[in-house]
Ligand code: TXE
């Protein structure tokens with residue numbers, strides 16, 4: 001497989017290059033070798049993409065919604081047929097183990113294309129009777145949408161944004177993270193192959209500056225960002241200045257609460273999935289694991305035992321269950337947090353170091369006896385670092401779980417169904433789990449409250465964020481004017 005694409009950008013149905021843009025090296029995180037070099041979008045490239053998107057959107061919006069949907073479902077089918085190639089590329093782009101990318105990336109992108117493809121034909125307005133007069137509403141697209149992606153799920157993020165946007169009749173210019181620029185180009189290729197008119201979905205590479213140029217361009221009607229809360233605030237502010245629509249999928253410091261009656265094996269499994277999958281680089285991770293004091297040591301012992309069974313290695317190999325961090329920069333950020341955890345007095349149960357091998361590997365790490373004020377309990381780390389905190393009673397743990405600026409996700413492990421629903425009902429989070437963690441089916445809304453974001457991706461809810469209603473008052477009788 002060659003990973004150097006035919007061009008850095010994909011605009012108006014074809015690869016485009018402009019070597020005047022800053023170089024973007026694609027570094028394989030497991031070895032540190034450079035696999036390809038792309039270039040950031042210059043102002044000329046950005047202009048080309050937005051011009052193409054604006055022109056294509058006008059025509060795409062005239063298609064019948066069911067015909068639009070058919071293109072998306074065809075693209076979903078192609079993605080599934082090519083899952084192996086796409087998974088290998090995702091592994092090279094991100095460093096995530098192939099056993100993950102085969103089941104969580106192109107497959108979940110295909111789920112989104114299939115779901116919104118199917119939904120497209122049912123997108124309607126309504127008839128509102130007012131006696132003799134009436135109102136009808138028309139669901140209209142927003143226009144040109146900009147999608148800006150993070151580096152942890154490059155294929156999934158491109159599809160989660162493109163599928164509802166395109167189903168509603170919008171066009172999109174997508175800017176992948178500069179750390180993982182390859183996968184979105186494949187999504188663009190597949191959409192064209194499935195029959196999408198050229199210009200409806202475009203990819204422009206670049207760093208934050210390119211993203212900022214896209215966000216502020218007057219031709220853009222909506223911005224959907226997946227990224228850090230700091231970037232979210234900047235992008236939200238820039239969009240607000242022009243009254244543009246936004247969806248913000250940002251970070252979190254989500255709580256997972258394990259009560260004393262929980263099934264310990266399942267709770268440990270949930271904590272592993274919610275902290276170590278994708279080397280911990282998932283926004284909804286349950287990185288504050290509150291464990292009832294009475295079962296704490298039992299929980300920690302089993303957690304350490306199961307964590308020691310992780311296969312850390314080359315992500316291209318089938319048996320590898322933990323790969324490297326996405327980049328050297330991200331590894332260094334996480335190493336900083338490991339130092340802080342140790343310095344602030346947390347008890348290291350396992351891990352805590354970089355691995356002595358090529359690539360950007362950090363051992364899966366568990367800190368116990370973490371207190372609410374420690375840095376590792378307050379800040380999003382975005383690495384394989386689990387903080388285990390103790391608690392005594394329900395009211396106390398709910399208050400502590402909510403004591404964070406974030407509110408993306410939350411989980412509860414207990415066999416008491418009344419308690420499960422009572423506690424979840426009081427947790428401030430957008431995506432919640434009972435006796436599970438981190439499931440994100442396309443049928444369910446996904447997104448955060450508080451500083452974790454604005455709007456929802458996936459489900460019928462996403463349609464509300466990519467369309468707007470026009471209401472039309474129809475008078476059947478005469479107009480009565482005062483003069
Ligand atoms: O994210 P950024 P980075 C966290 C994680 C990580 C940190 C930094 O902790 O260590 O963020 O990662 C684009 N206008 N998360 O730098 O900066 C940028 O090019 C428009 C958590 O990769 O948020 C990229 O495409 N766009 C997070 C995207 O925004 C701008 C996922 C995200 O970049 C921009 C990723 C600007 N002014 C990182 N500045 C999660 N919780 O899911 C940057 N970008």
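Glycine residues also receive a Cβ, built from the backbone N, Cα and C atoms like all the rest.
All TrEMBL annotations are machine predictions without curation.
Summary of the site annotation: TrEMBL records NAD(+) binding at 149, 150, 151, 175, 176, 177, 178, 251, 283. Screening the candidates 379, 380, 394, 396 against this entry identifies 380 as the one listed for that site. Neighbours of residue 457 (active site, charge relay system), defined as other CB atoms within 10 A of its CB across all chains, total 23. Residue 249 (active site, proton acceptor) and residue 176 (NAD(+) binding site) have their C-alpha atoms 14 Å apart, to the nearest angstrom.
Overall, the recorded NAD(+)-binding residues 149, 150, 151, 175, 176, 177, 178, 251, 283, 380 cover a maximum inter-Cα distance of 23 Å. Remark: residue 27 (K(+) 1 binding site) has 33, 34, 35, 327, 328 as non-local neighbours, by Cβ distance under 8 Å and separation of at least 6 in sequence. A straight line from the CA of residue 93 (K(+) 1 binding site) to the CA of residue 283 (NAD(+) binding site) spans 18 Å. Long-range Cβ neighbours of residue 283 (NAD(+) binding site) (same chain, at least 6 residues apart, Cβ-Cβ under 8 Å): 150, 152, 226, 249, 250, 251, 252, 380, 408, 452. In the three-state DSSP reading, residue 453 (K(+) 2 binding site) counts as strand.
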